[in-house]
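What TrEMBL records for B:7-29, B:41-59, B:71-89, B:101-124, B:154-177, B:189-208, B:214-235 is transmembrane segment.
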Amino acid sequence: MLIGLLVLLACQLLGELIGRALALPVPSPVLGMLLLLIALIFYGKVPDGVRQASEGILSYLALLFVPAGVGLMVHYPLIAADWWVIAIALVVSTGITLAVTAWVLNKLHQGGANHE
Amino acid sequence: MNELQDIWVYLSASPLLSLLVTLAAFILSSWINKRAGGTPFLHPVIVAIAFVISFLLLADIEYQDYFEGAQFIHFLLGPATVALAVPLFDHLERVRQMLVPLLVACVTGIVTAALSTIGLVLLLGGSRETLLSLTPKSVTSPIAMGIAEKIGGYASLTAGLVLITGAIGCVLAPWIFQRLRIQDQSIQGFTMGLAAHGFGTAYCFSSIGAMAGAFAGLAMGLTGMLSAFILPLLVKILGI
């Protein structure tokens, strides 16, 4: 478990270093995810410690968004002025995005061999 | 009484109170959500945020002071993003089979999300700050904040709007999948990860399955990476 956590943090740190060195616009955790994925592909399987740490932290993923979300309270004036524009744009655009993405992927995938 | 006040001054400045309030609010809102039959209308994250904001307003604590302590929870988003490599690896074979359709769907989804947001806000007459803070709404929050800063929105407003988008996605997605008759876990997961980032991913792991979660995580990472390049370009082309 501890070794798994160490691996996750090390990948994030490496991602940070690479991202800064190459001035990439991609955040370091995403680069870290790519690095870990490449490492796992080379290693051929997921070590027990890494699996434990990953599944442990992912099962609490939702909790981790709370501190950033509380930041909404800082923007009360802007939200109050434009709230209905924001509400309509969020709901309608999210609906359209879900429908278009699902539809496109479904169409493209139906050409593939193993359809469930 | 004076002693109590001293303790309060100490507590409201230490990370202990922020951590305790965040955890308690989340446990309570998860419990409420379970009681309500797991409805996404009472998404535990949104309810927990409402609880914490109410508490901070009542106790007269500034957001910055709260975040001093809560940043320890916030920090874990980094390693959690890295951890997504594990479910991805587990379903690598399936990802390989679908690679080209996934990439095409991803770019289509990103452009659809951005254009529909920009079009709606312009049509409804929202302010420029609102427009630019809303544009990256489907992108996972750490990346969305970076994009918002780059194109001229408010990063912290974007972070909040991203979360609300995520919750809305979890409400709408099951209904849309039913309408379009989409049952394939990999398609459901990828779509939710694209439109509803981490929320969609968390929802997939808890309510659909590990395969959907893996594809949602992939979509979230891919959307984040591609959006970081596509969105600033799109805003420039449209001349906003």
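From the backbone N, Cα and C atoms, a Cβ is placed for every residue, glycine too.
When Cβ-Cβ distances under 8 Å to the transmembrane segment (B:154-177) are tallied for each of B:7-29, B:41-59, B:71-89, B:101-124, the top count falls to B:41-59. Residues 95, 130-131, 134-138, 190-191, 194-195, 218-219, 222-223, 226-227, 230-231, 234, 238, 240 of the same chain sit 6 or more residues outside the transmembrane segment (B:101-124) yet have a Cβ under 8 Å from a Cβ within it. Cβ atoms under 8 Å from those of the transmembrane segment (B:71-89) belong to residues 15, 19, 22, 95, 140-142, 198, 201, 205, 210, 213-214, 217-218, 220-221 of the same chain, restricted to positions at least 6 beyond its ends.
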